[in-house]
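For Ser94, Asn110, Val111, Arg112, Gly260, Gly261, Arg262, the entry in Swiss-Prot reads substrate binding site, with the evidence type sequence analysis. Look at Swiss-Prot and you will find His98, His108, His147, His177 tagged as divalent metal cation binding site. What Swiss-Prot lists as active site, proton donor is His108. The annotation site 'Important for dimerization' is assigned in Swiss-Prot to His177. The region 'Important for dimerization' annotation in Swiss-Prot covers 242-277.
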Amino acid sequence: MSVPDAAVVKAFLLDLQNRICAGLQALDGQARFAADSWTRAEGGGGTSRVLTQGAVFEQAGVNFSHVTGAAMPASATAHRPELAGRSFEAMGVSLVIHPNNPYIPTTHANVRFFIAQKEGADPVWWFGGGFDLTPYYPFEEDVREWHQTSKDICAPFGDEVYPKYKKWCDEYFFLPHRNETRGVGGLFFDDLNQEGFDQSFSFMQAVGNGFLTAYAPIVERRKDTEFGERERQFQLYRRGRYVEFNLVYDRGTLFGLQTGGRTESILMSMPPLVRWQYAYTPEAGSPEADLYDNYLKPRDWV
């Protein structure tokens, strides 16, 4: 098994953050990312980059963090109790994009690396990550293309990889209290180390590098679609699901808050505007009902 090299992973992640920000700025054509570097008293730090009030993106945040600690937090040891008492490094790039136009989906992506060490024992390490798509007014061709790109990213690593991580994504981004998925899914993986460091790192790189390949064509296709107040209000209502998921279920959010992470960076995923409405039900046969009827349950798209 190849030896884990945290420095090489960190260099890739910093470069990935730069490339994704450059790609999103090019798609927006107007706004620029502001960078905000921070340090963590217990060890580590990061750089948050946020674009606001753009021509295409209402808010886009792309965060790099590298935190270290003397002991793993509860959120990380819940499903791996053998990690209790180990020092750790956690690094990753995480992003959430909230577009202006309701016909452009919101999206989230994340790639990360954990390593936990204890004197006299082999290091325990793994990669995780993925990306997912949350449309408000979905187009089937967009969803199929998104999943085809996801499948293409996984293909060099084995035929079983896409179905496995697609299913995991559907299961992870699910709101039990709403009985609906957060969106149309994509890829989700965690605890990846079985194939050794080099192969596992290669897969994480492929997912990170593939994100804009999957998302940019959808933005280009939908960014000039006309919309009105009805569509905007529905977008704001559905953004509420994003808030509910991130604050109640998301493992990364919980990990960040439990490790004393930087709150502004952790909550960068929150939409800038959102609304709730009591007992909302879409009108039968409406475009809004199409989302509920055909997209908020797991489907095979390719």
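Using N, Cα and C of the backbone, Cβ positions are placed for all residues, glycine too.
A quick note: this is a predicted structure, and the numbers were derived from the prediction, not measured.
Annotated features taken from Swiss-Prot, shown on the structure.
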residue: Ser94; record: substrate binding site; DSSP class: strand
residue: His108; record: divalent metal cation binding site; DSSP class: strand
residue: His147; record: divalent metal cation binding site; DSSP class: helix
residue: His177; record: divalent metal cation binding site; DSSP class: coil
residue: Gly260; record: substrate binding site; DSSP class: coil
Among the binding-site residues Ser94, Asn110, the one whose Cβ has the most other Cβ atoms within 10 Å is Ser94
A correct count of other C-beta atoms within 10 Å of the C-beta of Arg112 (substrate binding site) gives 22
Comparing local Cβ density (other Cβ atoms within 10 Å) for the binding-site residues His108, His177 points to His108
Taking only the CA atoms, the spacing between Ser94 (substrate binding site) and His177 (divalent metal cation binding site), expressed in whole angstrom, is 25
Taking every pair from Ser94, Asn110, Val111, Arg112, Gly260, Gly261, Arg262, which the record gives as binding substrate, the longest CA to CA distance in angstrom is 20
For His177 (divalent metal cation binding site), the spatially nearest of the binding-site residues Asn110, Arg112, Gly261, Arg262, using Cα atoms, is Asn110
Of the binding-site residues Val111, Arg112, Gly260, Gly261, the one whose Cα sits nearest to the Cα of His98 (divalent metal cation binding site) is Val111
Cα-Cα, His108 (divalent metal cation binding site) versus Gly261 (substrate binding site), nearest Å, comes out at 19
Across all protein chains shown, the one of the binding-site residues Gly260, Gly261 with the most other Cβ atoms within 10 Å of its Cβ is Gly261
